[in-house]
Amino acid sequence: MSDINIKGELQAICSLLNIETPRVCEGTIDSNADIILYIADNNPDLNPAKFCDLMLQDNQCNFTNIEWTIGVPEGQSPLRPKPVESATTFKVLHVTDFHVDPMYTPNKVKTCNEPLCCQSDQEDGSGQNSCGYWAEYENDVSETLVDEFIRFANTFEDVDFVYFTGDIVPHRMWSTTQESNAAIIDKFLRKLKAGFSVPVFPTLGNHEATPLNQYVLNSSIPSNLSTKWLFDLIEEEWSEWLPQSAMQTIAKGGFYTFSPIEGFRIIVINSNVAYRACWWLLQDDEDPFDQLAWLVEVLLEAEENNESVHILGHIPTGSVDIIKVWSREYNRIINRFANTITGQFTGHVHVDTFQVRYNISNPNQAINVEWNGASIVPYDKANPSFKIYSIDKETFNVIDIDQWTFNLTQANENSELSPDWYKIYSFREAFNVPTLLPEDIGKLLINMAEDHNLLGEYHLYRFKNSDPGTGDGCDEICQKNYLCELSTSVYGDTSMCEYLKEVYDLNL
């Protein structure tokens, strides 16, 4: 059977079973099938077990088919004196996951039978099933909301840097092309360049690629399947914010490092290459782009130079979305350089959360925290938001986090006015923690397991007080899931998760 016939059969089955609408079936299969067929034709070792281990790792696959390690130097980064907060800080604005939608149209239907609604080529809405002016829950955002965010963000005159952790392109995955994605990315980045007078440190999201999630760079792969177009694009687009020294690794795989302040280094990784939805992992899963090996080299040099490091990436590295072996090796690296890394920052999940990382040799010891930027997009029923970090100028530790949001329902009801942005919390005040150092955030998780009211508060903050996100409450199963989500360093390692659930049960 020819490739065209295979595509046609798959599209027919998709439509016949009402998996998606015919146009979603056609577009999604057409864009992904070429990659899958290429991999099948060029990878004689491909087998169902490997597919299960990589793509379906949450379906109780045994993980025996995927195994490799990264060379990590022995020892630990030198212990630093217990930090005393200095009198001076600088501010970092962290924003993530816009999913700006050029086809977003107010008053179109907001609940539909496709993965994304509020589209200009969909039916008109009516009454409660009508898309609002700024954005809509479980959908993407208008370009107007991007402009509004930039306007409000500029009221914070003391921001020194912006961390942008990816996802510009909308969830209209059935109709993306290299040309359309490039146009959306270019327009958005031009707005950031015009809107901020301070440096922006960007990462790639999984939606920037087309088809979404697919990252590969190999000279033998046809250009229509390669991600070279995207790496070439961002090499040019990001050059306004970054030095020439960062361009080589950006062109290679969308990752880079830069020292904006003496004694302080930013490392941006492309965690999308380890996303289990990336078909190219079936072709070669071992340290894609040699990125982890590069990360070790950069961290070792930072350690030798006594630099503090912030690591930025898109997908949280301990989540189910990251293949286990990559997550495990990344965690080994974080453990080795825990005294050098003073913060990690991610996006992707569209809700406000964080992940605590633990010492491999002492599983109860928290050694690092990965802070998530929440999101502007309300795709997962959360209100739009961004964060502002206070960073100690001497230690480069995160001192506190302010999160800013607005009620999307109210904003759409009063669309002639700017949204009523407000500070939903100072993290230290909201959770009554003395510092945001790993040991205190580790203690916070134990406090949450003991005091379930804290988990109730976390539930509200997670969705940024949105009615759709918080309306059903959070029962015992939900709260235990949160404890596991917050404490998992590597997918499949449930040791801290199980301990926290035991503590939870003792306090029912």
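The backbone N, Cα and C atoms fix where each Cβ goes, glycine too.
Since the structure is predicted, the reported quantities are computational estimates derived from the model, not experimental observations.
If you look up TrEMBL, you'll see Cys14-Cys25 (among others) marked as disulfide bond. Other C-beta atoms found within 10 angstroms of the C-beta of Cys14 (disulfide bond) number 18, with every protein chain shown included.
Residues annotated as domain 'Calcineurin-like phosphoesterase' in TrEMBL: 90-351.
The Zn(2+) 1 binding site feature in TrEMBL is assigned to Asp97, His99, Asp167, His350. Long-range C-beta contacts of His350 (Zn(2+) 1 binding site), restricted to its own chain and to partners at least six residues apart, with a cutoff below 8 Å, comprise Asp97, Ala374, Ser375, Val377, Pro378, Tyr379, Asp380, Ala382. DSSP classifies His350 (Zn(2+) 1 binding site) as coil under the three-state reduction.
As annotated by TrEMBL, disulfide bond applies to Cys112-Cys117 (among others). Other Cβ atoms within 10 Å of the Cβ of Cys112 (disulfide bond) number 17 in total over all chains.
Summarising the environment of His348 (Zn(2+) 2 binding site), the number of other Cβ atoms within 10 Å of its Cβ, over all protein chains shown, is 25. Residues or ranges marked as Zn(2+) 2 binding site in TrEMBL: Asp167, Asn206, His314, His348.
Positions annotated as domain 'Sphingomyelin phosphodiesterase C-terminal' by TrEMBL: 380-486.
Long-range Cβ contacts of Cys478 (disulfide bond) within its own chain (separation 6+, distance under 8 Å): His459. Among the features that TrEMBL reports, disulfide bond is placed at Cys474-Cys478 (among others).
When the Cα of His348 (Zn(2+) 2 binding site) is compared against those of the recorded positions Cys14, Cys25, His99, Cys112, the shortest separation belongs to His99.
The recorded positions shown are His99, Cys112, Asn206, His314, Cys474; of these, the one with its CA atom nearest the CA of Cys25 (disulfide bond) is Cys112. Here the CA atom of Cys112 (disulfide bond) lies 18 Å from the CA atom of His99 (Zn(2+) 1 binding site). Reported as a whole number, the C-alpha separation between Cys112 (disulfide bond) and Asp167 (Zn(2+) 1 binding site) equals 23 Å. Cα-Cα distance from Asp167 (Zn(2+) 1 binding site) to Asn206 (Zn(2+) 2 binding site): 6 Å (rounded to the nearest whole number).
Taking the Cα atom of each, Cys14 (disulfide bond) and Asn206 (Zn(2+) 2 binding site) are about 24 angstrom apart.
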